[in-house]
Structures are given as C-alpha cells and as structure tokens.
Amino acid sequence: STISENGNGMNISPATNEKNPEAEPDVDLVDAQQLCAAGPSGPEPHVKTETQVTTMLHNHFPRNIFQLERRMCKCRVQWTPVTEVWPSVFIGNEETAMDRVKLKEMGMTHILNTVAYKEYLQGKIDTKVEYYQEINITYYGVLVMDEHRFDISKDLFPASEFIHKALSNTENRLLVHCIDGVSRSATFFLAYLMIHHEMLLEDAIDHVIDKRWIRPNRDFLKQLITLNSNLVTQQKLQLRKQINTDKTKHGEDPVAQPVPEQLSLESHVSHSLLQLQDRLDECTLDCTPVTEVWPNVFIGNEEPARNRAKLKGMGITHILNAAAVEKSLKISFEIPSKNSLKGKVNTGAAYYQGRSINYYDVPAVNKCSFNISEYFFPAAQFIHQALSNPENKVLVHCKKGISRSATLFLAYLMIHHDMMVEDAIDHVIEVRCIRPNIGFLKQLTILNSNLKSRRILQLKKDYS
C-alpha cells in the first residue's frame with residue numbers, strides 16, 4: 001500500500017525508487033567529483049576566502065543528501081502505522097496518535113506531536129493536551145510543515161530534551177508522531193539520537209532503518225547535516241578547551257615549570273583525538289556488512305555473524321563477538337530485558353555448535369564511558385593465536401561493524417604488529433569505513449602511548 005506525506009507526494013513503498021517525481025537525478029558521486037577536478041592545464045590552486053569556503057560547504061550539502069538518501073533506500077522494512085525504534089520509544093502516524101484506546105493498551109505515557117495544530121488543519125493533527133487528559137499522557141506539540149525551506153532546527157533541542165526527560169523514568173513509553181510517521185517525526189527522533197546518544201547522523205539513520213521505513217524530506221536532511229556538523233565542532237571545541245585548560249592550570253609559564261606526567265599525557269591524548277577524528281573523516285567508503293581488513297581477518301556487523309551458511313562459505317574458523325551479552329545474563333533464569341540486549345548480538349558459543357568455530361566474546365557497550373581497554377590484550381591474543389595457523393580465518397564483529405569491532409582490531413594491530421594508532425587507522429580505512437566512538441579513540445591513544453613507552457624502555461634495556 002502507498003500513502004503520501006503531506007506536501008511531498010511521497011510513495012511509501014520500499015520496493016520502488018520513485019519517492020518523489022521531482023527528485024534530483026541519482027548521480028554518481030565519484031564521477032561528479034572527477035568532473036570538477038582541474039585538468040593538466042588548469043590554473044594553480046589559490047588560497048580561498050572565508051566566503052568561498054562557506055559557499056563550498058553549502059554546495060557540499062546536496063552531495064551528502066544524496067548519500068543519506070541512498071542509505072535510506074537500502075531499507076527493506078515495510079511501512080507500518082507504528083514501530084518501536086528504541087526501547088520505549090515509538091515512531092507512528094496520525095491513526096496511532098488519534099486512537100486513545102490503542103495508546104492506553106500500548107502503555108503510552110508521553111506524546112511528541114510534530115504536526116501540532118495552530119491556525120489551520122491542513123496537514124496538522126488537532127489533538128492538544130486536552131485530547132489525552134483522560135488517559136494521563138504528558139503531551140508536547142511542535143508545529144512543523146513538511147515543506148521545503150521550513151526551519152525545523154529551532155525545535156530540535158527542546159523536543160530532544162522532552163524525549164530525554166521522558167526516558168529518564170524507565171516506566172515511561174513515548175510516541176513521536178506526524179501524519180504518516182516517515183518525515184517530521186523521524187527527523188526529530190534522529191536529532192534526539194545525535195544530541196543525547198552522541199551518534200553521527202549516518203549511524204542514527206542506520207539504527208532507525210533497521211526497524212522502520214523513514215524518509216525525511218531533503219531540507220530536513222540538510223538541517224540534520226548542519227546539526228551533525230555543529231555537534232562534531234562542539235565536541236572538538238570542548239577538546240581544545242580541555243587542552244588550553246591543561247596548559248594553563250599549573251602556572252602561567254608552562255615551559256619554566258615541569259608539567260606533571262599525567263597532565264602531559266592527557267594533553268597529548270586530547271591533541272591526538274582531534275587528529276584521529278580528522279583522519280577517520282577522510283574515509284569515503286560506504287559501509288558494507290563484512291570486509292577483509294587483514295589477511296584472513298574480517299570485520300563485520302551482526303548480519304554475517306548470524307548467517308551460519310555464509311560463515312561456512314567464507315571459511316570462518318574463529319569469531320570474536322565485541323557486542324556479546326553479559327555472561328551474568330546468560331546464566332540467569334530470567335529473560336533478558338530489551339534494555340540489556342540493546343546494541344548486543346546475542347549469539348554465544350552454542351549458536352555455532354557443530355560448525356567447528358572457536359568463539360570468544362567481549363561484552364562491550366558502544367558508549368564513550370565504557371572501558372573497552374581491559375579487553376585489548378585478551379582480544380588481541382585471541383586473534384594472534386588464531387592466525388598462528390594460516391588455514392584459520394577470523395571474523396571480528398559487533399552490531400554495526402564500525403566501532404567496537406574496529407577498536408579491538410586496531411588494538412590488535414598496535415599490540416602484535418607494532419603499529420602506531422595512526423598507521424593502524426590508515427590501514428583499516430583503506431578498505432573499510434569505521435567509526436570508533438571518541439571514548440574508544442581516547443583509550444586507543446593511551447594504549448598507543450603505553451606501547452611506545454614500553455618499546456623505548458626495551459630499547460634502552462637492549463643497549464644498556
């Protein structure tokens with residue numbers, strides 16, 4: 001079946017590519033870049049003014065929009081009136097929002113209406129607070145038109161805060177809705193993931209399209225790209241602020257006074273994080289389910305890890321699951337909650353029984369605060385021992401195959417192949433798009449410093 005998002009004339013059938021009759025042509029980005037390249041007789045490059053740089057940045061947005069639309073086109077989930085897209089968070093349409101009986105059955109406690117009525121009803125849902133008084137629902141309304149050039153950005157932070165506060169109580173359940181549940185509501189939920197869960201826009205989209213068919217209009221995507229850029233810049237500014245604080249905290253003349261070793265390390269780590277993030281941003285590869293990143297070593301997502309027939313075809317003999325479920329949950333007689341399984345790949349050694357696969361699990365959580373460093377050496381040793389037999393093949397995986405699994409493989413290269421963290425990243429991004437979170441990058445940078453110090457001490461010992 002097909003429905004239309006107001007103002008877009010959008011066909012909501014995932015099987016077709018005719019979402020918008022006025023859509024821009026699906027160009028090849030590589031060819032487009034080559035067409036813009038100067039020829040052998042072209043003028044010498046010149047220093048660009050601030051205005052020119054701003055214009056170039058503005059012209060870069062459509063290219064990113066094409067990439068995001070292509071990403072969303074990979075979704076094969078059928079459209080439904082309402083979907084749980086996050087523990088206790090649902091994206092839905094008008095029908096769901098108007099059905100108070102269904103809302104009560106679903107246990108809804110909060111509603112974010114992104115098409116709230118104001119002056120006229122075309123393309124709006126006239127519910128308001130009073131509509132839900134009898135079923136004790138906390139209501140928040142945002143007036144958004146699903147039209148080009150509509151400024152949605154001013155409402156992104158307040159709406160995200162509403163979602164965040166609602167979820168601070170684990171008993172609450174929240175519906176984010178618009179007319180069809182594909183554009184406005186999806187845009188606000190993507191912004192929430194970016195603001196409160198430190199997700200990049202691409203990662204937020206990947207998360208949602210695993211569960212629901214969405215299609216924010218191009219102007220909304222453009223504003224989400226701007227939000228993404230601002231959040232990344234804010235993160236980098238915070239790091240620079242930390243660096244400047246470190247430099248001045250212990251006196252006005254840092255050269256004259258000795259800097260404490262720990263402070264020096266923290267300052268070095270902060271500098272390195274900025275450089276590593278810039279390095280990762282240089283990778284233009286699309287994400288794929290699985291990639292060979294080293295002879296007989298593959299990094300992948302949940303899909304190949306669950307496909308036992310594919311694993312057999314690939315000749316995989318060893319699996320390192322970097323998104324494993326806590327062992328305490330496995331041996332418990334209680335059914336794990338949705339929250340405990342969020343972001344996890346619940347396979348385990350039993351899943352591969354009879355497949356001659358050696359299994360090793362790491363119960364890492366893809367959060368900046370998670371201490372993944374305690375698993376660096378054991379995981380690296382597992383990979384190292386597996387590769388001692390040239391017939392073996394190793395799959396290192398997590399949920400998406402870009403953060404936890406990549407972090408552990410980078411640590412392996414650093415520990416067993418004496419690579420600096422920069423060299424390890426350069427090696428991997430030549431073949432696979434990866435995105436370790438900033439907390440993991442910090443721990444890799446500290447590992448890098450520790451390994452470097454250890455090698456220097458070993459050299460001194462050898463020559464003493």
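Here the Cβ of each residue, glycine as well, is placed from N, Cα and C on the backbone.
The region 'Disordered' annotation in TrEMBL falls on one of the ranges 1-24, 49-72, namely 1-24.
Residue counts for the domain 'Tyrosine specific protein phosphatases' (374-432) under DSSP, helix first, then strand, then coil, are 35 helix, 4 strand, 20 coil.
The Cβ of CYS398 (active site, phosphocysteine intermediate) has ASN301, GLU302, ASN321, ALA322, ALA323, VAL345, ALA364, ASN366, ARG404, SER405 as same-chain neighbours under 8 Å, each 6 or more residues away in sequence. DSSP states for the domain 'Tyrosine specific protein phosphatases' (154-212), grouped as helix (H, G, I), strand (E, B) and coil, give 36 helix, 4 strand, 19 coil.
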